[in-house]
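Per TrEMBL, the features are:
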SIGNAL    1-24  signal peptide
DOMAIN    78-142  domain 'Potassium channel'
CARBOHYD  83  N-linked glycosylation site
TRANSMEM  92-111  transmembrane segment
TRANSMEM  123-148  transmembrane segment
TRANSMEM  168-190  transmembrane segment
DOMAIN    181-258  domain 'Potassium channel'
TRANSMEM  202-221  transmembrane segment
TRANSMEM  233-253  transmembrane segment
């Protein structure tokens, strides 16, 4: 494959991406199609039963009009159902969570602006806030990267690992740490507090939040009958979780993207020729930061002069 032209390599990459999209759509269609049909059939059966029992008391089309109004309100995060903790969707904790989901591009979709002024403000706020958020995250990543590289540098010195293996070990350790601290541990807490969601649903929520997918079909505290104080406290906790979790995810992605194996693959699609030894040597330059944090005693001895 090294003899392929660049346009052929990019074409191969696009075809592989399209095949992956088709595979994902096919699997989801097979998994989610039958439950959706069953849910639709149950809804129609419930509507038919309701109309059979109370249809004589309602004008024609009144039920459909009421349901349509309720669905439109629900799409904007407004509902008359549930407990009192969710009666005001635009109180301070809810507004803070909405702005955090906006600036982190999570976008749960559980709330949406109703007024034209609110929609215009969201456009301006996101246009200014997203670059500022990215700059803040980049600055924090720049400060934290040397600290996170020190344990890997120490292990590499202790075990006398080569730079590629040391980088792979550091990336794997950071990935496991992020999964444990920002996915599994919060999922266990959510599973224990929420009560009406399974452990798989809790893990699904944590992953969709950290990956900024934010499908919004599951939110902590909604519809679980929590006390208003606990509900708002959970919103503040979710706010901090989004900010810290996004930073941890970006650090992990950055670490994996700097792996020699990943950069070799990128080099394959970006160069016009095969990857040679010089290119592979240049790829290892990303380990300079990790090696610079080693103690002075770990420095390599000076080479003996040539005879």
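Cβ from N, Cα, C; glycine included.
Curation plays no part in TrEMBL annotations; they are all automatic predictions.
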Tertiary contacts of the transmembrane segment (123-148), defined by C-beta under 8 angstroms and 6+ residue spacing from its ends, are 99, 102-105, 170, 174, 246-247, 250-251, 254-255, 289, 293
Averaging the pLDDT values of the domain 'Potassium channel' (181-258) gives 79
Per DSSP, the domain 'Potassium channel' (181-258) contains 56 helix, 0 strand, 22 coil
